[in-house]
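Visitor: TrEMBL lists 12-29, 67-84, 96-118, 176-194, 200-217 with the feature transmembrane segment. Annotation source TrEMBL lists domain 'Phosphatidic acid phosphatase type 2/haloperoxidase' at 99-215.
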């Protein structure tokens with residue numbers, strides 16, 4: 001793994017932004033029913049597998065949408081970043097601490113932007129249709145299978161931000177691991193009916209395609225993470241001096 005030199009890749013930014021606009025347009029244009037047809041088909045295909053006839057599968061699906069599973073995914077993401085820092089022979093854990101802080105700041109800003117800018121929303125399929133099978137009705141623990149507003153998929157946005165940073169700063173193995181974790185975080189929400197497929201493939205993905213390139217395909221993220229790393233090194237150099245003075 002090698003340290004990346006901050007560069008401005010306008011061609012990649014424009015390409016990714018164009019893909020984001022194309023996704024939104026394909027979903028928003030009137031009388032184009034591709035996404036609504038696909039949403040319905042995917043939801044009902046999975047929903048018919050939920051119930052007493054498939055109780056073990058229903059329990060697994062409910063567990064994959066529980067708070068404990070969310071925590072497990074977060075721990076796995078931290079582990080992947082720790083693994084990446086171990087494999088990084090040049091920057092080490094200090095560099096990845098800077099990358100992690102930059103990623104958290106980016107996620108927070110994107111979340112606030114989405115919350116204040118995007119006014120459109122719709123309920124999850126489990127709250128749209130009647131006579132649906134709810135996984136929560138067949139288990140005794142809390143699971144998320146409904147949402148009053150499922151668009152855009154916030155779970156998907158956060159997971160894709162993680163994947164975007166790993167694809168930018170990681171090596172081949174950690175990139176693959178980040179993609180796998182992103183799928184493991186997103187897919188269960190669609191399978192249980194807490195999100196439409198388009199909530200993720202249009203909502204989450206288009207937002208990330210429009211915003212993330214301006215962070216990851218420019219010098220912004222590398223320089224910000226490098227600044228955090230430099231600040232950490234300065235702090236490390238100061239702390240021993242303070243300790244020795246106190247003693």
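From the backbone N, Cα and C atoms, a Cβ is placed for every residue, glycine too.
Curation plays no part in TrEMBL annotations; they are all automatic predictions.
Give me the structural setting of these features: burial, nearby parts and distances.
Guide: Taking Cβ pairs closer than 8 Å, the transmembrane segment (67-84) reaches residues 1, 93, 96, 99-100, 142, 159, 162, 166, 169-171, 174, 177-178, 181, 184-185, 188 in its own chain, all 6 or more past its ends.
A Cβ distance under 8 Å defines the sequence-distant neighbours of the transmembrane segment (96-118), meaning residues of its chain 6+ beyond its ends; these are 81-82, 84-85, 88, 152, 154, 157-158, 161-162, 165, 169, 207-208, 211-212, 215, 221, 224-229, 232.
Counting only same-chain residues 6+ beyond the ends of the transmembrane segment (176-194), those with a CB under 8 A from a CB of the stretch are 42-43, 46-47, 50, 61-62, 64-65, 69-70, 73, 76-77, 80, 83, 124-126, 132, 134-135, 143-147, 150, 153, 155-156, 159-160, 162-163, 166-167, 170, 200, 204.
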Visitor: Let me spell it out: take the transmembrane segment (200-217), skip the flanking residues so only those 6+ beyond its ends count, and list any with a Cβ under 8 Å from a Cβ in it.
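Guide: Sequence-distant neighbours of the transmembrane segment (200-217): 8-9, 12-13, 16-17, 19-21, 23-24, 26-27, 35, 106, 110, 113-114, 151-157, 159-161, 164-165, 168, 186, 189-190.
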Visitor: Averaged across the domain 'Phosphatidic acid phosphatase type 2/haloperoxidase' (99-215), what pLDDT does the model get? Just tell me the whole number, please.
Guide: 94
